[in-house]
Amino acid sequence: MNIKSELNYSNGSNDSDIYNEYGGGSGDETYNKSDTVDFRSKVIPQQSNLPPINNKTDRSHFRESMVASKKTIGAFVISDIAIGKGAFATVFKGLNTLSGDFVAIKRFEKSKISNEQHSSVSTEFDILQRLNHENIVRILGREENENYIYIFLEYMENGSLSTILNNFGTFPESLICNYVENVLKGLVYLHQEGVIHRDIKAANILINKAGEAKLSDFGTAGEIIKESDKRYSVVGTPYWMAPEVIEISGHCQVSDIWSLGCTIIELFTSYPPYFDLNPLGAMYRICQDDRPPLPDDISSELANFLERCFCKSTEERATAKELLSHPWITKNRTNLINHQRNSSKQFTSPQIIINNHQKSLLSNSSGGDDSVTDSDLSISNQSSRSSSFLLDDGGGGGGSKNHTVILTKQQPTPDQIEFNKMQMELQLLRLRVGELETDLKKEQDLKKDSDRKYREILLSSMHYIYIIDSTMNTITNSGGQSIKPQISNDVNHLRSIMRDQIETEYFQTFPDDNMVPRFIQRRFTHVDQANMMIPKKALEAQKRREKEQEKLKEQEKLKEKKKEKDIKKEKDKKDKKDKQLKDSSSSTTTTNSTPSTPDHSAFHSSPITPLSPVRENSKPFLSLKGRSSSKIFNE
């Protein structure tokens, strides 16, 4: 056997010796099993850098430790990553094992919170559970064990405004306005639901990955039944407190507006008003000053907005709904829409650049091909506000010329921008209406389908019951005689109960339809009614309807009679009044025609009672002796 070895070992002999030992020297020799080959090498092999097979790396050890330390609370897995920490709770990042979404898990340690703080946790859960708004953090659940209380919340990727402020510095006015508009929408919903937040500040406003602001931390929130109601407790953070809260004159809905104004100054300057003072000094200044000092370099609209927020009187202070229509909000909203429209135009409005490299294409003087190739026409997406025509001679009259023609639209006027904006909003509303109509139609179809199936089930049950009744009423024997089958009382009672239940369900579900189903009516025509069990509920319903119709007819008749009586009474009253007027007019004419004589009969007929004699010492008259005439006159 000829084996050609290509192994290159260094063992003291050359490659040809090894090759010949395998019988490859002459090509005719065969391999002998007794021959030995020495593969010993003088070179010591080095240790390999590759890891051994099935060896566990540090990463695998890390995963094992993660699996061992994994904490599962209900359907959620809590990690060791703390994304926030407050006075009473720590917030961790978690995973929803059902949906795969990240969640925020707020953990309260029972040993470190008082009974009052425990009630605030329950209040926060109860309030968040019944709230549902796009600018309020959603609650996903609650769990509790011996040591901790867990509240599962919507995960906000960008964190709080306070964290963003610490990482990126103060915000521009336009961005602050966007966040404030979202917060105002959430406050409008809260106040409509009878809830006041009572702790509005940057740390309690969270931002998701879409840049939308949402209110969070409802541990100090309170509920009010009416807008005029107030909560008489000092709750909140001192620098953001409204004066009526500090003075314990009542915490109301517009107290959140004062805190919102302080939050705007916080986002603009990194600190709330009076932050250079201690909390007690700040609270004193809040109550004594007319309003907090406003930052410099703010627009007049924002200054007016803050003045509306910082009105000392709660009756004069603006509400969240009123501030949503403030010029500072509406102007920024318009600017944002225009900016988005212009940025979209930058990619959708192309400039057509026509490059003509041949002079004949412009002058059309030569007889060559006048077609424009793909290289002569190019489209650029660079936006420009002016149109230009550039001519570049390549030298001399016969040189080539490059012409660049930029075609752009004229800048739209403000009226056109407003019109386009309204058109866009109208189109969005139409799309939304169409979606709602489609959803409504689907729901109506589903309801009709479910009603149809339900009715079919009821009708089938009734059909089955009446088939049993008809077969058990009469049975024809071999001699052609009709006999009644003998059934036990229990079976008969059970059959009656089932029939009554099904009939009641059917006639209560479909009261306006035909009372007797068609298959029963058909059986009435084929079977003798004397031997047929008529549906009791159907007859009762029909009788009840007939009585109601008769009652309605009687009521209508009574109404007509009453109306006729009223008309007749009014007519009699009017006739009587006219008659009295005629009589009075005739009597006045007779009295004017005849002279009247004085009648003294009443005077003569009335008896005259004589005056009783007055005694000297009797009351009320006293003796006049020794008294002057002036005194007597004065008396």
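Glycine too: its Cβ is placed from the backbone N, Cα and C atoms.
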Of 97-136, 417-456, the range Swiss-Prot labels coiled coil: 417-456
Of Ala87, Ala89, Val91 (the binding-site residues), the residue whose Cβ has the fewest other Cβ atoms within 10 Å: Ala87
CB contacts for Ile83 (ATP binding site) [other CB atoms within 10 A, all chains]: 17
All-chain count of other Cβ atoms within 10 Å of Lys85 (ATP binding site): 10
